[in-house]
Amino acid sequence: MNRKNVTRTITAIAVVVLLGWSFFYFSDDTRGYKPVDTSVAITQINGDNVKSAQIDDREQQLRLILKKGNNETDGSEKVITKYPTGYAVDLFNALSAKNAKVSTVVNQGSILGELLVYVLPLLLLVGLFVMFSRMQGGARMGFGFGKSRAKQLSKDMPKTTFADVAGVDEAVEELYEIKDFLQNPSRYQALGAKIPKGVLLYGPPGTGKTLLARAVAGEAGVPFFTISGSDFVEMFVGVGASRVRDLFEQAKQNSPCIIFVDEIDAVGRQRGAGLGGGHDEREQTLNQLLVEMDGFGDRAGVILIAATNRPDILDPALLRPGRFDRQIPVSNPDLAGRRAVLRVHSKGKPMAADADLDGLAKRTVGMTGADLANVINEAALLTARENGTIITGPALEEAVDRVIGGPRRKGRIISEQEKKITAYHEGGHTLAAWAMPDIEPIYKVTILARGRTGGHAVAVPEEDKGLRTRSEMIAQLVFAMGGRAAEELVFREPTTGAVSDIEQATKIARSMVTEFGMSSKLGAVKYGSEHGDPFLGRTMGTQPDYSHEVAREIDEEVRKLIEAAHTEAWEILTEYRDVLDTLAGELLEKETLHRPELESIFADVEKRPRLTMFDDFGGRIPSDKPPIKTPGELAIERGEPWPQPVPEPAFKAAIAQATQAAEAARSDAGQTGHGANGSPAGTHRSGDRQYGSTQPDYGAPAGWHAPGWPPRSSHRPSYSGEPAPTYPGQPYPTGQADPGSDESSAEQDDEVSRTKPAHG
């Protein structure tokens, strides 16, 4: 509700109130009479001070016009009072005895007045209903709750293209095909292919699902409607289904077009999830959505794109082919994707020579595009805070720590004893991890308080991993228990600083036993299954499906794993106690140590052998024959380059060609001056179209076309300065920044899975 409508509503209410007050004020004929007690009126009658009187029989009130005012009437010559029921005759006789002029009025009541008593409150309620409905976004008449709230993007909005997306090439390729189908349908129709009716983007928060939808909107060249899943359900019954019908009706009138529903899980949750009666309104909305997506009605030319963080709770009928033909996972970027994202966000920012983006990409395993964008932005803010002019490597390092652990607590006062305990604790983590053979090397260790932690040691993997062996998970347990072992070894008692380490170790050990089947005693069995009751989103949580004896054995195996890791960490620290003291001293002096400094301190530390106490295969004896070598390993042995160069996908080449053409057109247009509307004179901006009459372009690139649009009657003149129909976008050349990004908007959730510090 804008300011103009608010002013108009307030003015209307004020006018109604003023008219009502004026009506009651001017219709009151008792104005000018002073109210007095009945005894005062009787005194005036008995004192023969009454000139005339009027008895209002219906209201049981007496009006007197006195001959002269006095103190009892405060000098007023007109008084009015009430009299008891049945005393009208006595008053008439008393006034007649004093020779006063007496008149009697019997008010029969006005039909209009009686109607106002009942109608006016009703009108007031209707007015309030209309006002609140407008404030909630209803139609102008106040009864448009069933109208769709979808927004249609216009050409004036900022355009996002596939060139602005990096790190999620698979998702871009899938969506690019839809855009290409809309612009070049003949190539697909010749093969009998049909365009997908629906596309579901799913993945963790911050991976770029909404950004991909914005890129489709900027490149599709057809009308694009966007709406949130929560906009369908309202306080009134039937509103959600009505809005779904209205949305698809608008889409059919503008077909071919695209509808984007963000957070579709708000309306697409599995049916039957109403505990104690259910949420029939949401289910009714979902049923209408299912019918509109694939029912008896015609839905030609309408493509539905939806995004969600929780595809597991969506209704199966919503996910079937014919509704969502294509389901695209949008996951966290890999190493190459993180490099591309960092190049995108660092483009246009002054970066110092020591700002190693490749190294930063290696140290940010598990971060999403939104996290990486936040890292670059935090580094820029930190540089501005220090009045710097270029973003340095230390600023990027501090930005990563801020994103992972929170801001540094500079004002915290720590005693020398607590600082010493923290140094030995973090040193125990670092030394235990350094001596283990199957764990990522420690990149940095610090005792600076940050967020809720007193310090942390960061282990950075050399490459992205999708699998972990049992030895690697045991090494993680040793890493986690290193801090607790150092406290017990040096100070002879533990502290509360290891609470997060114990929690992490317990989680790893229990998952090894109950999920991954890494216990020889319990076997390769998954203990605890998720039941499919849909009352809380499809699952009521994990429930034990094993006996109490098995639960006791699980606890024993978990305890056995943690105790073995604790003992291994203790032995490492005992063997290299002098190295631990040296490391703690360096931490107390410098507070933060990086890989080169750690390598010099741990020069004499040797890798420990793997723990074999859990390598029990029963009667199954592993083979001594080594596994075969991969083509990459064989190529490296032969001295051949690996990995072999992979040809660039066709869609990337098309994106590069279109972007280069668009940039060339803009550079040519910049040399010819500018018109009154801000576009170059004699040329047209990429994405603008002109016909005999004005036609919207919906954020399309120059030269776009789609089936059925523009209308055949439209004539489009050709312009010499306009590029040929191409596909926008541009992959980054070697050594240059890629203009893409895979981060999503800031309203997306930032709770992601990433490498966590071992000590909290």
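Placement of Cβ uses the backbone N, Cα and C atoms for every residue, glycine included.
Among the candidates Asp354, Asp356, Asp358, Asp501, the one that Swiss-Prot lists alongside His425, His429 as binding Zn(2+) is Asp501. Neighbours of Thr207 (ATP binding site), defined as other CB atoms within 10 A of its CB across all chains, total 30. If you take the Cα of Lys209 (ATP binding site) and the Cα of His425 (Zn(2+) binding site), they are about 41 angstrom apart, rounded to a whole number. Cα distances from Gly203 (ATP binding site) to the recorded positions His425, Glu426, His429, Asp501 are smallest for Asp501. Its Cβ taken as reference, Thr210 (ATP binding site) is surrounded by 22 other Cβ atoms within 10 Å in the chains shown.
Comparing Gly208 (ATP binding site) with Asp501 (Zn(2+) binding site), their Cα atoms are 32 Å apart once rounded. Distances between the Cα of Gly206 (ATP binding site) and those of the recorded positions His425, Glu426, His429, Asp501 are shortest for Asp501. Of all the binding-site residues given, namely Gly203, Pro204, Pro205, Gly206, Gly208, the one with the smallest number of surrounding CB atoms inside 10 A is Pro205. His425 (Zn(2+) binding site) and Pro205 (ATP binding site) have their C-alpha atoms 34 Å apart, to the nearest angstrom. Look at Gly208 (ATP binding site): DSSP puts it in coil. There are 30 other Cβ atoms within 10 Å of the Cβ belonging to Glu426 (active site).
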